[in-house]
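Colleague: As listed in TrEMBL for this protein:
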- 7-102: domain 'Sodium/calcium exchanger membrane region' (DOMAIN)
- 134-272: domain 'Sodium/calcium exchanger membrane region' (DOMAIN)
- 12-33: transmembrane segment (TRANSMEM)
- 45-63: transmembrane segment (TRANSMEM)
- 84-102: transmembrane segment (TRANSMEM)
- 128-153: transmembrane segment (TRANSMEM)
- 165-192: transmembrane segment (TRANSMEM)
- 198-224: transmembrane segment (TRANSMEM)
- 231-252: transmembrane segment (TRANSMEM)
- 258-279: transmembrane segment (TRANSMEM)
Amino acid sequence: MAVLKWTLLGSVLSNLLLVLGSSLFCGGIANYTKERPFDRKQSDVNLSLLLLGALCYIFALVFRRSAIVGDGNAGGGAALSLSRSCSIVMLAAYFGCLLFQLKTHRRLFEPPEDEADGDDDAVSDTPVIGFASAFAWLVGMTAVVAVLSDYVVTTIEAASESWGMSVSFVSVILLPFVGNAAEHAAAIIFAFKNKIDITLGITLGSSTQISMFVVPLSVIVAWIKGIHMDLGFELLETGSLVMSILVTAFTLQDGTWHYMKGFVLLLCYVVIGASFFILRPSLDQANGINWGVKTIPMKSVKA
């Protein structure tokens, strides 16, 4: 369960800081004398959802920590109930965002006609393969990824020991770095072409999808299967996620971009990576309610 949470967290951090930071930095270097504007409509919607997710993760952490210092059984049940409730809220928000972007306010997210007509790199909308072929490829690749993911989970602890790295560092930093290679390359290429709106759609859209859809859906599926999985990350994980969202939101708030903003995001990612490299919790500790912090139930403390 810890590896799953770490990997999902790492994907969000990688998209927000590494992929977006690299894109802004490389694209800004290519146009280093200019400050480029971008359309804030899409980024504002995605960042609003990410901030809502940050709120849910913070309260899940607070309830989880309250369970440690209070009645563990009752508090743990309350924390789990809160996580499941927040997961339903997050899924509702995500599907509401899809309705907003694809149906009710679709025009807000379409490029201007003059810009689309003058784009030399525009590709034809004619589908290359049909629906049946695309669906078959999707099912096949999903099966392959499922098999490989199971292999990664079963071997990650041994691999981390042989490499001299913690499981948390491998899960949060290395695995998402390799997994996001295609998105990373595409985002940088679009930034070089001064198509930062597409870059933001790739990075912020992927982060929103994982944070607001994949993670809460995992909690709901675990609930259905009788598995106790909550939204409660640990202190370092929650702090990294919340600060990454806040830094990204402040970086994009003025609707302009240049290489310095990307450089700051990359440095934030380096700091987070160093933190996970130094921290070395075992899987047994990570799967528990806390990482070896000795606590005393409040009812056992006498005035």
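Using N, Cα and C of the backbone, Cβ positions are placed for all residues, glycine too.
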Colleague: Hey, which bits of the same chain come close to the transmembrane segment (258-279), Cβ under 8 Å, at least six residues off its ends?
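Modeller: Answer is 13-14, 16-18, 20-29, 32, 34-36, 165-166, 168-169, 172-173, 236, 240, 243-244, 247-248, 251-252.
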Colleague: Using a threshold of three or more Cβ pairs below 8 Å, and leaving out pairs closer than 6 in sequence, do the transmembrane segment (198-224) and the transmembrane segment (12-33) count as in contact?
Modeller: yes
Colleague: Apart from its near flanks, which chain residues at least 6 from the ends of the transmembrane segment (84-102) lie with a Cβ under 8 angstroms of it?
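Modeller: Residues 42, 45-46, 49, 52-53, 56, 59-60, 109, 208-209, 211-213, 215-217, 219-220, 223, 230-231.
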Colleague: Most CB pairs under 8 Å with the transmembrane segment (231-252): which of 45-63, 128-153, 198-224?
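Modeller: Stretch with the highest Cβ contact count: 45-63.
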Colleague: Any residues 6+ beyond the ends of the transmembrane segment (198-224) with a Cβ under 8 Å from its own?
Modeller: 4-5, 8, 11-12, 15-16, 19-20, 23-24, 27, 38, 42-43, 46-47, 49-50, 52-53, 83-84, 86-88, 90-91, 93-94, 97, 180, 183, 186-188, 190-191, 230-231, 241, 248, 252
Colleague: Quickly jot the same-chain residues contacting the transmembrane segment (45-63) by Cβ under 8 Å, restricted to those at least six beyond its ends, or write none.
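Modeller: Distant contacts of the transmembrane segment (45-63): 75, 78-79, 82-83, 86-87, 89-90, 93-94, 97, 100-101, 200, 204-205, 207-208, 211-212, 230-235, 238, 241-242, 245-246, 248-249, 252.
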Colleague: Quick one: DSSP breakdown of the domain 'Sodium/calcium exchanger membrane region' (7-102) into helix, strand and coil?
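Modeller: Reading the DSSP string over the domain 'Sodium/calcium exchanger membrane region' (7-102) gives 85 helix, 2 strand, 9 coil.
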Colleague: So what's near the transmembrane segment (165-192) in sequence-distant terms, Cβ-Cβ under 8 Å and 6+ beyond its ends?
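Modeller: Residues packing against the transmembrane segment (165-192) from afar: 2-3, 6-7, 9-11, 13-15, 18-20, 22-24, 26-28, 30, 152, 156-157, 159, 198-199, 202-203, 206, 237, 273, 276-277, 279-283, 286.
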